[in-house]
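Peer 1: I'd like to ask you about the structure that follows.
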Ligand code: C5P
């Protein structure tokens with residue numbers, strides 16, 4: 001069921017020379033097809049068993065040579081997101097520089113389509129993109145596995161965003177192994193909420209509600225992915241954080257109901273929320289569900305996306 005993280009060709013083709021022109025990297029959002037939350041560990045993180053799935057909703061980072069480290073942005077979250085040293089992108093670049101001995105010099109520009117604090121790992125995606133972009137800009141020539149090791153020090157979801165596809169995540173989510181899905185494409189509809197939810201707040205609510213888990217091992221999901229039948233997959237989607245997200249934001253239940261009323265095969269909260277994600281039969285079905293959701297005006301924005309797609313890649 002698992003395969004090597006990256007094909008030999010991909011590793012072999014990677015340039016080892018610094019780039020002179022701008023380096024553009026595209027990175028996807030993620031959803032969790034299965035999210036089992038275990039006990040809190042001594043480091044404060046929860047033990048997870050999750051199935052990550054990268055979907056075709058993208059951020060883009062362009063890295064150019066510079067004498068210092070700067071970050072600018074446009075799109076989702078502009079004006080709300082700090083562009084200072086606390087931004088995950090800046091922390092990722094500093095971590096790569098420290099690891100490789102390179103000066104942390106780059107001019108970075110982020111084009112953001114992935115909504116912030118949405119349960120789609122947008123910030124983690126940007127950190128993954130920054131690692132891949134500066135690796136290429138500086139010609140540091142790290143392997144994807146090396147980048148994933150640095151990524152793991154920065155956040156639980158970031159190694160997956162370097163990898164992409166569909167993958168099993170364990171530990172606090174940072175230990176990822178790819179899952180073979182046989183090249184099948186799944187069709188998703190996302191209902192983006194007006195206001196974000198903080199991931200630590202949702203985990204805290206999960207604990208306060210008793211830490212109940214409904215998601216068992218993801219064996220049924222793995223089998224459903226191999227069967228390539230969306231109706232089978234619909235019965236296997238599971239998210240232990242859903243009850244906590246709904247507790248904090250009860251009105252999300254109306255969004256879930258609206259998606260199901262529109263004919264979605266299944267609906268769930270994405271990760272820690274508040275984005276609701278719906279499974280469709282195919283592209284046409286996804287477009288119909290999206291149109292119905294838009295008409296219902298139950299959310300800020302509606303997007304369709306396919307998955308799985310690759311992780312952070314140079315364009
Ligand atoms: O790893 P990351 O920085 O993305 O995690 C954000 C927050 O989510 C953590 O500070 C923690 O509160 C919570 N979390 C957790 N257990 C995990 C992953 C995240 O409690 N496995």
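Each position is counted from 1, following the chain as shown.
Even glycines carry a Cβ here, placed using N, Cα and C.
Remember, TrEMBL labels are computer predictions, not curated facts.
Pasting the feature list from TrEMBL:
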ACT_SITE  30  active site
DOMAIN    87-165  domain 'GHMP kinase N-terminal'
BINDING   115, 116, 117, 118, 119, 120, 121, 122, 123, 124, 125  ATP binding site
ACT_SITE  157  active site
DOMAIN    222-294  domain 'GHMP kinase C-terminal'
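Describe the structural surroundings of these features, if you would.
Peer 2: Classification of residue 30 (active site) by DSSP places it within a strand.
Across the domain 'GHMP kinase N-terminal' (87-165), mean pLDDT in this model comes to 98.
Taking the Cβ of residue 115 (ATP binding site) as centre and 10 Å as the limit, one finds 23 other Cβ atoms among all the protein chains shown. In this structure, residue 115 (ATP binding site) belongs to neither helix nor strand by DSSP; it is coil.
According to DSSP, residue 157 (active site) sits in a coil region rather than a helix or strand.
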Peer 1: Provide, as an integer number of angstrom, the distance between the C-alpha atoms of residue 115 (ATP binding site) and residue 30 (active site).
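Peer 2: For residue 115 (ATP binding site) versus residue 30 (active site), the Cα atoms are 12 Å apart.
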Peer 1: When you measure from the Cβ of residue 125 (ATP binding site), which residues in the chain that are at least 6 apart have a Cβ under 8 Å away?
Peer 2: 27, 28, 29, 30, 59, 114, 161, 312
Peer 1: Provide the three-state secondary structure of residue 121 (ATP binding site) computed with DSSP.
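Peer 2: It is coil.
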Peer 1: Near residue 157 (active site) in space, meaning Cα within 10 angstroms, which of the binding-site residues do we find among 117, 119, 121?
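Peer 2: Near residue 157 (active site) by Cα: 121.
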Peer 1: Across all the protein chains here, work out how many other Cβ atoms are within 10 Å of the Cβ of residue 157 (active site).
Peer 2: 28
